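Asker: Handing you a structure now.
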Amino acid sequence: MGNNVFDVLKERGYIKQTTHEEEIRDLINKDKITFYIGFDPTADSLHIGHFLPLMMMAHMQKAGHRPIALVGGGTVRIGDPSGKSEMRKMLSKEAIDKNVSSIKSQISRFIDFSDDKAILVDNADWLLNLNYLEFIREIGVHFSVNKMLTAECFKQRLEKGLSFLEFNYMLMQAYDFLCLNRKYGCVMELGGDDQWSNMLAGTDLIRREESKSAYAMTCTLLTNSEGNKMGKTVNGALWLDKDKTSPYEFYQYWRNVDDADVEKCLALLTFLPMDEVRRLAALEGNKINEAKKVLAYEVTKLIHGEDEAKKAEEASEALFGAGKDMSNVPTVNISKDDLGKGILDILVETKILPSKGEARRLIQQGGLSINEEKVTDINMAVTEDLFEENSIIIRRGKKSYNRIVIE
(Lines of atoms letter the chains of each structure in order from A and count residues from 1; the text may use other names and numbers.)
(Lines give C-alpha, C1' and ligand atoms only; values in the text may rest on other atoms or scores of the structure.)
Protein backbone atom coordinates (compact mmCIF):
# COMPACT_ATOMS: atom_id res chain seq x y z
CA MET A 1 0.00 0.00 0.00
CA GLY A 2 1.58 3.29 -1.09
CA ASN A 3 0.08 5.49 1.61
CA ASN A 4 0.86 5.07 5.25
CA VAL A 5 -2.36 3.60 6.66
CA PHE A 6 -2.14 6.05 9.56
CA ASP A 7 -2.40 8.95 7.11
CA VAL A 8 -5.26 7.19 5.29
CA LEU A 9 -7.17 6.81 8.58
CA LYS A 10 -6.40 10.41 9.51
CA GLU A 11 -7.46 11.82 6.13
CA ARG A 12 -10.72 9.88 6.16
CA GLY A 13 -11.55 11.16 9.65
CA TYR A 14 -11.38 7.96 11.71
CA ILE A 15 -8.79 8.91 14.33
CA LYS A 16 -9.95 10.74 17.45
CA GLN A 17 -7.21 10.13 20.06
CA THR A 18 -3.86 8.30 20.14
CA THR A 19 -1.44 7.50 22.94
CA HIS A 20 1.75 8.31 20.97
CA GLU A 21 0.90 9.67 17.51
CA GLU A 22 4.39 9.74 15.98
CA GLU A 23 5.35 6.32 17.40
CA ILE A 24 2.11 4.81 16.09
CA ARG A 25 2.61 6.41 12.67
CA ASP A 26 6.13 4.92 12.41
CA LEU A 27 5.06 1.56 13.80
CA ILE A 28 2.19 0.91 11.41
CA ASN A 29 4.06 2.38 8.46
CA LYS A 30 7.25 0.32 8.87
CA ASP A 31 6.13 -2.88 10.62
CA LYS A 32 3.26 -5.33 10.38
CA ILE A 33 1.56 -5.41 13.75
CA THR A 34 -1.18 -7.34 15.54
CA PHE A 35 -3.94 -5.12 16.98
CA TYR A 36 -7.35 -5.75 18.48
CA ILE A 37 -10.85 -4.33 18.82
CA GLY A 38 -13.39 -5.56 21.36
CA PHE A 39 -17.13 -5.98 20.78
CA ASP A 40 -19.43 -6.60 23.75
CA PRO A 41 -22.33 -8.92 22.82
CA THR A 42 -25.07 -6.94 24.57
CA ALA A 43 -27.43 -7.57 21.60
CA ASP A 44 -27.71 -10.27 18.92
CA SER A 45 -26.45 -7.87 16.23
CA LEU A 46 -23.91 -5.11 15.82
CA HIS A 47 -25.29 -1.68 14.91
CA ILE A 48 -23.98 1.18 12.78
CA GLY A 49 -21.96 2.53 15.72
CA HIS A 50 -19.81 -0.63 15.55
CA PHE A 51 -19.30 -0.19 11.82
CA LEU A 52 -16.68 2.58 12.14
CA PRO A 53 -14.30 0.44 14.24
CA LEU A 54 -14.93 -2.43 11.76
CA MET A 55 -14.01 -0.15 8.84
CA MET A 56 -10.90 1.01 10.71
CA MET A 57 -10.04 -2.66 11.23
CA ALA A 58 -10.56 -3.42 7.53
CA HIS A 59 -8.30 -0.51 6.45
CA MET A 60 -5.59 -1.79 8.80
CA GLN A 61 -5.94 -5.34 7.44
CA LYS A 62 -5.73 -4.11 3.84
CA ALA A 63 -2.41 -2.47 4.80
CA GLY A 64 -1.05 -5.84 5.95
CA HIS A 65 -1.70 -5.67 9.70
CA ARG A 66 -3.33 -8.56 11.58
CA PRO A 67 -6.57 -7.81 13.44
CA ILE A 68 -7.89 -9.66 16.46
CA ALA A 69 -11.65 -9.34 16.85
CA LEU A 70 -12.43 -9.92 20.51
CA VAL A 71 -16.03 -10.76 21.40
CA GLY A 72 -16.60 -9.99 25.08
CA GLY A 73 -18.45 -13.11 26.18
CA GLY A 74 -16.79 -12.68 29.58
CA THR A 75 -16.88 -8.92 30.13
CA VAL A 76 -20.53 -8.70 29.05
CA ARG A 77 -21.36 -10.56 32.27
CA ILE A 78 -20.16 -7.43 34.11
CA GLY A 79 -21.38 -4.62 31.86
CA ASP A 80 -19.35 -1.65 30.68
CA PRO A 81 -20.29 1.56 32.57
CA SER A 82 -18.67 3.81 29.90
CA GLY A 83 -21.21 6.35 28.68
CA LYS A 84 -24.05 4.68 30.61
CA SER A 85 -26.16 6.57 33.14
CA GLU A 86 -27.34 3.40 34.88
CA MET A 87 -26.37 -0.24 35.30
CA ARG A 88 -27.13 -2.49 32.34
CA LYS A 89 -29.48 -5.42 32.91
CA MET A 90 -27.72 -8.74 33.32
CA LEU A 91 -28.03 -11.19 30.42
CA SER A 92 -28.53 -14.94 30.79
CA LYS A 93 -25.78 -17.31 29.66
CA GLU A 94 -28.03 -18.52 26.81
CA ALA A 95 -28.63 -14.96 25.58
CA ILE A 96 -24.90 -14.19 25.74
CA ASP A 97 -23.99 -17.36 23.81
CA LYS A 98 -26.57 -16.54 21.11
CA ASN A 99 -25.31 -12.95 20.83
CA VAL A 100 -21.65 -14.05 20.65
CA SER A 101 -22.45 -16.47 17.82
CA SER A 102 -24.40 -13.85 15.81
CA ILE A 103 -21.74 -11.17 16.21
CA LYS A 104 -18.90 -13.52 15.24
CA SER A 105 -20.65 -14.27 11.93
CA GLN A 106 -21.26 -10.54 11.29
CA ILE A 107 -17.60 -9.62 11.88
CA SER A 108 -16.58 -12.35 9.42
CA ARG A 109 -18.39 -10.46 6.64
CA PHE A 110 -15.92 -7.56 6.90
CA ILE A 111 -12.67 -9.15 8.03
CA ASP A 112 -10.76 -11.93 6.22
CA PHE A 113 -10.00 -14.70 8.73
CA SER A 114 -8.46 -17.10 6.20
CA ASP A 115 -4.81 -18.24 6.54
CA ASP A 116 -4.35 -16.60 9.95
CA LYS A 117 -4.89 -13.12 8.41
CA ALA A 118 -7.09 -12.33 11.41
CA ILE A 119 -7.98 -13.96 14.72
CA LEU A 120 -11.36 -14.23 16.43
CA VAL A 121 -11.34 -14.70 20.22
CA ASP A 122 -13.84 -14.69 23.09
CA ASN A 123 -12.56 -13.34 26.40
CA ALA A 124 -14.80 -15.79 28.25
CA ASP A 125 -12.03 -18.32 27.45
CA TRP A 126 -9.68 -16.71 29.98
CA LEU A 127 -11.99 -14.65 32.21
CA LEU A 128 -14.51 -17.29 33.32
CA ASN A 129 -11.98 -19.42 35.18
CA LEU A 130 -9.86 -16.65 36.69
CA ASN A 131 -8.61 -17.24 40.22
CA TYR A 132 -9.79 -14.14 42.07
CA LEU A 133 -6.93 -13.97 44.59
CA GLU A 134 -4.26 -14.46 41.92
CA PHE A 135 -5.93 -11.86 39.70
CA ILE A 136 -6.11 -9.24 42.47
CA ARG A 137 -2.48 -9.90 43.45
CA GLU A 138 -1.09 -9.84 39.90
CA ILE A 139 -3.34 -7.27 38.21
CA GLY A 140 -5.09 -5.30 40.96
CA VAL A 141 -1.80 -4.17 42.45
CA HIS A 142 -1.15 -1.98 39.37
CA PHE A 143 -4.41 -0.02 39.65
CA SER A 144 -4.82 3.11 41.78
CA VAL A 145 -8.42 3.56 42.89
CA ASN A 146 -7.80 7.32 43.19
CA LYS A 147 -6.73 7.44 39.55
CA MET A 148 -9.58 5.18 38.41
CA LEU A 149 -12.13 7.49 40.02
CA THR A 150 -10.94 10.38 37.85
CA ALA A 151 -11.59 8.36 34.66
CA GLU A 152 -14.31 9.80 32.43
CA CYS A 153 -16.14 6.45 32.28
CA PHE A 154 -16.75 6.48 36.05
CA LYS A 155 -17.23 10.20 36.73
CA GLN A 156 -20.86 10.49 35.65
CA ARG A 157 -21.79 7.30 37.50
CA LEU A 158 -20.36 8.20 40.91
CA GLU A 159 -23.28 10.46 41.79
CA LYS A 160 -25.91 7.92 40.71
CA GLY A 161 -24.16 4.85 42.08
CA LEU A 162 -21.51 2.59 40.58
CA SER A 163 -21.47 -1.08 41.57
CA PHE A 164 -18.22 -2.84 42.47
CA LEU A 165 -19.09 -5.26 39.65
CA GLU A 166 -18.89 -2.48 37.05
CA PHE A 167 -15.87 -0.90 38.74
CA ASN A 168 -13.98 -4.09 37.81
CA TYR A 169 -14.69 -3.62 34.10
CA MET A 170 -11.60 -1.48 33.52
CA LEU A 171 -9.36 -4.16 35.07
CA MET A 172 -10.95 -6.87 32.92
CA GLN A 173 -10.51 -4.91 29.67
CA ALA A 174 -6.91 -4.08 30.58
CA TYR A 175 -6.33 -7.77 31.36
CA ASP A 176 -7.73 -8.71 27.92
CA PHE A 177 -5.06 -6.55 26.28
CA LEU A 178 -2.35 -8.14 28.47
CA CYS A 179 -3.53 -11.68 27.56
CA LEU A 180 -3.56 -10.84 23.83
CA ASN A 181 -0.12 -9.24 24.13
CA ARG A 182 1.30 -12.35 25.79
CA LYS A 183 -0.34 -14.88 23.47
CA TYR A 184 -0.38 -13.13 20.08
CA GLY A 185 2.10 -10.24 20.41
CA CYS A 186 -0.79 -7.75 20.17
CA VAL A 187 0.60 -4.22 20.64
CA MET A 188 -2.35 -1.93 19.90
CA GLU A 189 -5.99 -1.59 20.86
CA LEU A 190 -8.47 0.27 18.67
CA GLY A 191 -11.93 1.22 19.88
CA GLY A 192 -14.63 3.84 20.24
CA ASP A 193 -13.68 7.11 21.89
CA ASP A 194 -15.88 6.25 24.89
CA GLN A 195 -13.38 3.45 25.67
CA TRP A 196 -10.36 5.76 26.07
CA SER A 197 -9.93 5.33 29.86
CA ASN A 198 -10.18 1.53 29.63
CA MET A 199 -7.72 1.44 26.73
CA LEU A 200 -5.15 3.57 28.58
CA ALA A 201 -5.44 1.16 31.52
CA GLY A 202 -4.45 -1.69 29.16
CA THR A 203 -1.40 0.06 27.72
CA ASP A 204 -0.28 0.97 31.24
CA LEU A 205 -0.74 -2.60 32.51
CA ILE A 206 1.40 -4.04 29.68
CA ARG A 207 4.10 -1.47 30.38
CA ARG A 208 4.14 -2.39 34.09
CA GLU A 209 3.79 -6.19 33.71
CA GLU A 210 5.82 -6.82 30.56
CA SER A 211 8.08 -3.74 30.39
CA LYS A 212 6.95 -3.25 26.78
CA SER A 213 5.35 -0.44 24.83
CA ALA A 214 1.69 -0.79 23.90
CA TYR A 215 -0.54 1.67 22.10
CA ALA A 216 -4.16 2.79 21.88
CA MET A 217 -6.03 4.65 19.16
CA THR A 218 -9.68 5.64 19.30
CA CYS A 219 -12.16 5.97 16.51
CA THR A 220 -14.37 9.02 16.16
CA LEU A 221 -18.07 8.52 16.97
CA LEU A 222 -20.48 8.79 14.05
CA THR A 223 -22.19 12.15 14.52
CA ASN A 224 -23.97 14.53 12.17
CA SER A 225 -23.01 18.14 11.46
CA GLU A 226 -24.93 19.23 14.58
CA GLY A 227 -22.97 16.85 16.80
CA ASN A 228 -25.81 14.36 17.36
CA LYS A 229 -25.22 10.62 17.11
CA MET A 230 -26.26 9.16 13.75
CA GLY A 231 -27.91 5.79 13.28
CA LYS A 232 -31.28 6.12 15.03
CA THR A 233 -34.53 5.29 13.22
CA VAL A 234 -38.19 5.26 14.22
CA ASN A 235 -37.68 1.58 15.08
CA GLY A 236 -34.57 2.19 17.18
CA ALA A 237 -30.94 1.55 16.26
CA LEU A 238 -29.75 1.04 12.68
CA TRP A 239 -28.75 -2.63 12.93
CA LEU A 240 -26.37 -4.53 10.66
CA ASP A 241 -28.69 -7.57 10.72
CA LYS A 242 -31.23 -7.47 7.88
CA ASP A 243 -33.90 -9.08 10.07
CA LYS A 244 -33.65 -6.18 12.52
CA THR A 245 -33.21 -3.35 9.98
CA SER A 246 -34.23 -4.24 6.42
CA PRO A 247 -31.70 -3.49 3.65
CA TYR A 248 -34.25 -1.07 2.17
CA GLU A 249 -34.70 0.84 5.44
CA PHE A 250 -30.90 0.84 5.83
CA TYR A 251 -30.43 2.19 2.29
CA GLN A 252 -33.07 4.88 2.79
CA TYR A 253 -31.41 6.10 5.98
CA TRP A 254 -28.21 6.97 4.08
CA ARG A 255 -30.13 8.19 1.04
CA ASN A 256 -31.73 10.82 3.29
CA VAL A 257 -28.73 12.16 5.24
CA ASP A 258 -28.31 15.93 5.39
CA ASP A 259 -26.24 17.53 2.63
CA ALA A 260 -23.68 18.64 5.24
CA ASP A 261 -23.02 15.01 6.29
CA VAL A 262 -22.44 13.49 2.84
CA GLU A 263 -18.65 13.97 2.70
CA LYS A 264 -18.07 12.66 6.22
CA CYS A 265 -20.23 9.57 5.63
CA LEU A 266 -18.61 8.77 2.26
CA ALA A 267 -15.14 9.03 3.85
CA LEU A 268 -15.94 6.93 6.91
CA LEU A 269 -18.44 4.37 5.62
CA THR A 270 -17.13 3.49 2.13
CA PHE A 271 -13.82 2.55 0.53
CA LEU A 272 -14.24 5.08 -2.29
CA PRO A 273 -10.98 6.97 -3.01
CA MET A 274 -10.87 10.36 -1.29
CA ASP A 275 -10.67 12.20 -4.65
CA GLU A 276 -14.03 10.66 -5.55
CA VAL A 277 -15.41 11.43 -2.07
CA ARG A 278 -14.47 15.10 -2.49
CA ARG A 279 -15.88 15.21 -6.03
CA LEU A 280 -19.23 13.82 -4.90
CA ALA A 281 -19.39 16.03 -1.81
CA ALA A 282 -18.77 19.14 -3.93
CA LEU A 283 -21.94 18.57 -5.99
CA GLU A 284 -24.50 21.30 -5.42
CA GLY A 285 -28.26 21.75 -5.55
CA ASN A 286 -30.19 18.68 -6.68
CA LYS A 287 -26.97 17.03 -7.87
CA ILE A 288 -26.02 16.27 -4.25
CA ASN A 289 -28.74 13.59 -4.43
CA GLU A 290 -26.48 11.64 -6.79
CA ALA A 291 -23.83 11.62 -4.05
CA LYS A 292 -26.42 10.40 -1.55
CA LYS A 293 -27.43 7.56 -3.88
CA VAL A 294 -23.78 6.52 -4.17
CA LEU A 295 -23.40 6.68 -0.38
CA ALA A 296 -26.56 4.63 0.25
CA TYR A 297 -25.60 2.02 -2.36
CA GLU A 298 -21.98 1.66 -1.21
CA VAL A 299 -22.78 1.34 2.51
CA THR A 300 -25.64 -1.09 1.88
CA LYS A 301 -23.37 -3.15 -0.40
CA LEU A 302 -20.72 -3.39 2.33
CA ILE A 303 -23.23 -4.46 4.98
CA HIS A 304 -25.72 -6.58 3.00
CA GLY A 305 -23.97 -7.46 -0.27
CA GLU A 306 -24.40 -6.27 -3.85
CA ASP A 307 -27.72 -8.07 -4.53
CA GLU A 308 -29.49 -6.50 -1.55
CA ALA A 309 -28.00 -3.08 -2.37
CA LYS A 310 -29.36 -3.31 -5.93
CA LYS A 311 -32.80 -4.38 -4.69
CA ALA A 312 -32.90 -1.48 -2.21
CA GLU A 313 -31.81 0.94 -4.93
CA GLU A 314 -34.50 -0.36 -7.32
CA ALA A 315 -37.15 -0.14 -4.58
CA SER A 316 -36.14 3.45 -3.89
CA GLU A 317 -36.28 4.30 -7.61
CA ALA A 318 -39.72 2.67 -7.87
CA LEU A 319 -41.05 4.89 -5.10
CA PHE A 320 -39.21 8.14 -5.79
CA GLY A 321 -38.02 7.93 -9.37
CA ALA A 322 -39.35 6.79 -12.69
CA GLY A 323 -39.21 3.07 -11.89
CA LYS A 324 -42.43 1.09 -11.72
CA ASP A 325 -41.23 -2.26 -10.34
CA MET A 326 -42.52 -2.43 -6.75
CA SER A 327 -41.26 -5.97 -6.08
CA ASN A 328 -38.27 -4.80 -4.04
CA VAL A 329 -40.17 -2.41 -1.78
CA PRO A 330 -40.25 -3.97 1.74
CA THR A 331 -43.39 -6.09 1.64
CA VAL A 332 -45.50 -7.75 4.33
CA ASN A 333 -48.44 -10.08 3.79
CA ILE A 334 -51.81 -10.14 5.50
CA SER A 335 -54.63 -12.62 5.01
CA LYS A 336 -58.21 -11.84 4.00
CA ASP A 337 -59.15 -12.55 7.62
CA ASP A 338 -57.14 -9.47 8.64
CA LEU A 339 -59.30 -7.16 6.53
CA GLY A 340 -61.50 -5.00 8.73
CA LYS A 341 -58.93 -4.76 11.52
CA GLY A 342 -57.90 -1.35 12.80
CA ILE A 343 -54.89 0.42 11.29
CA LEU A 344 -53.02 0.32 14.64
CA ASP A 345 -53.38 -3.48 14.86
CA ILE A 346 -52.25 -3.96 11.25
CA LEU A 347 -49.17 -1.74 11.67
CA VAL A 348 -48.03 -3.58 14.81
CA GLU A 349 -48.92 -7.14 13.66
CA THR A 350 -46.98 -6.64 10.41
CA LYS A 351 -44.07 -5.13 12.44
CA ILE A 352 -44.12 -1.97 10.33
CA LEU A 353 -44.14 -0.13 13.67
CA PRO A 354 -42.99 -1.46 17.04
CA SER A 355 -46.03 -0.49 19.14
CA LYS A 356 -49.56 0.89 19.02
CA GLY A 357 -48.35 3.93 20.96
CA GLU A 358 -45.79 4.67 18.24
CA ALA A 359 -48.44 4.15 15.51
CA ARG A 360 -50.96 6.36 17.31
CA ARG A 361 -48.37 9.12 17.76
CA LEU A 362 -47.35 8.96 14.08
CA ILE A 363 -50.97 9.29 12.89
CA GLN A 364 -51.71 12.13 15.33
CA GLN A 365 -48.64 13.99 14.05
CA GLY A 366 -49.80 13.56 10.44
CA GLY A 367 -46.90 11.28 9.56
CA LEU A 368 -48.73 8.23 8.12
CA SER A 369 -50.23 7.87 4.64
CA ILE A 370 -51.92 5.02 2.76
CA ASN A 371 -51.56 5.27 -1.01
CA GLU A 372 -50.44 8.91 -0.50
CA GLU A 373 -53.66 9.75 1.41
CA LYS A 374 -52.90 11.03 4.91
CA VAL A 375 -54.44 8.92 7.69
CA THR A 376 -56.16 11.11 10.31
CA ASP A 377 -58.34 8.58 12.17
CA ILE A 378 -56.48 6.29 14.61
CA ASN A 379 -59.52 3.94 14.59
CA MET A 380 -59.63 3.62 10.80
CA ALA A 381 -60.31 0.08 9.55
CA VAL A 382 -58.12 -1.47 6.84
CA THR A 383 -60.68 -2.66 4.28
CA GLU A 384 -60.44 -4.33 0.87
CA ASP A 385 -61.47 -1.19 -1.05
CA LEU A 386 -58.17 0.48 -0.03
CA PHE A 387 -56.17 -2.10 -2.00
CA GLU A 388 -55.13 -1.44 -5.59
CA GLU A 389 -53.90 -4.49 -7.50
CA ASN A 390 -53.99 -6.41 -4.22
CA SER A 391 -51.60 -4.06 -2.40
CA ILE A 392 -51.42 -0.79 -0.50
CA ILE A 393 -48.41 1.45 0.08
CA ILE A 394 -47.82 2.71 3.61
CA ARG A 395 -45.65 5.79 3.98
CA ARG A 396 -44.14 6.75 7.35
CA GLY A 397 -42.73 10.26 7.56
CA LYS A 398 -41.39 11.61 4.28
CA LYS A 399 -39.54 8.65 2.82
CA SER A 400 -40.07 5.33 4.66
CA TYR A 401 -42.29 2.98 2.66
CA ASN A 402 -43.80 -0.48 3.11
CA ARG A 403 -46.13 -2.44 0.88
CA ILE A 404 -48.93 -4.58 2.33
CA VAL A 405 -50.19 -7.41 0.14
CA ILE A 406 -53.25 -9.65 0.64
CA GLU A 407 -52.20 -13.29 0.44
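Just so it is clear, glycine is given a Cβ too, placed from its N, Cα and C backbone atoms.
In case it helps, Swiss-Prot gives these features for our protein:
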type    : residues              : note
BINDING : Tyr36, Tyr169, Gln173 : L-tyrosine binding site
MOTIF   : 41-50                 : motif ''HIGH' region'
MOTIF   : 229-233               : motif ''KMSKS' region'
BINDING : Lys232                : ATP binding site
DOMAIN  : 341-407               : domain 'S4 RNA-binding'
Asker: Distance between Tyr36 (L-tyrosine binding site) and Lys232 (ATP binding site) at the Cα atoms, whole Å?
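Answerer: So the alpha carbons of Tyr36 (L-tyrosine binding site) and Lys232 (ATP binding site) sit roughly 27 Å from each other.
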Asker: Of the residues in the motif ''KMSKS' region' (229-233), how many are helix, strand and coil by DSSP?
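Answerer: Within the motif ''KMSKS' region' (229-233) the tally stands at 0 helix, 3 strand, 2 coil.
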Asker: Would you mind checking how many other C-beta atoms are within 10 angstroms of the C-beta on Gln173 (L-tyrosine binding site)?
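Answerer: Counting Cβ neighbours of Gln173 (L-tyrosine binding site) within 10 Å gives 27.
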Asker: Rounded to an integer, what is the Cα-Cα distance in Å between Lys232 (ATP binding site) and Gln173 (L-tyrosine binding site)?
Answerer: 28
Asker: Quick check on the binding-site residues Tyr36, Tyr169: which one has the highest count of other Cβ atoms within 10 Å of its Cβ?
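Answerer: For the binding-site residues Tyr36, Tyr169, the Cβ with the most other Cβ atoms within 10 Å is Tyr36.
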Asker: With helix taken as DSSP H, G or I, strand as E or B and everything else coil, how many residues of the domain 'S4 RNA-binding' (341-407) land in each class?
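Answerer: Computed counts for the domain 'S4 RNA-binding' (341-407) are 19 helix, 21 strand, 27 coil.
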Asker: If you measure every Cα to Cα distance among Tyr36, Tyr169, Gln173, the residues said to bind L-tyrosine, what is the biggest one in Å?
Answerer: 17
Asker: Over the motif ''KMSKS' region' (229-233), work out the mean pLDDT and round it to an integer.
Answerer: 79
Asker: State the count of C-beta atoms found within 10 angstroms of the C-beta of the residue listed as 'ATP binding site', not counting that atom itself.
Answerer: 13
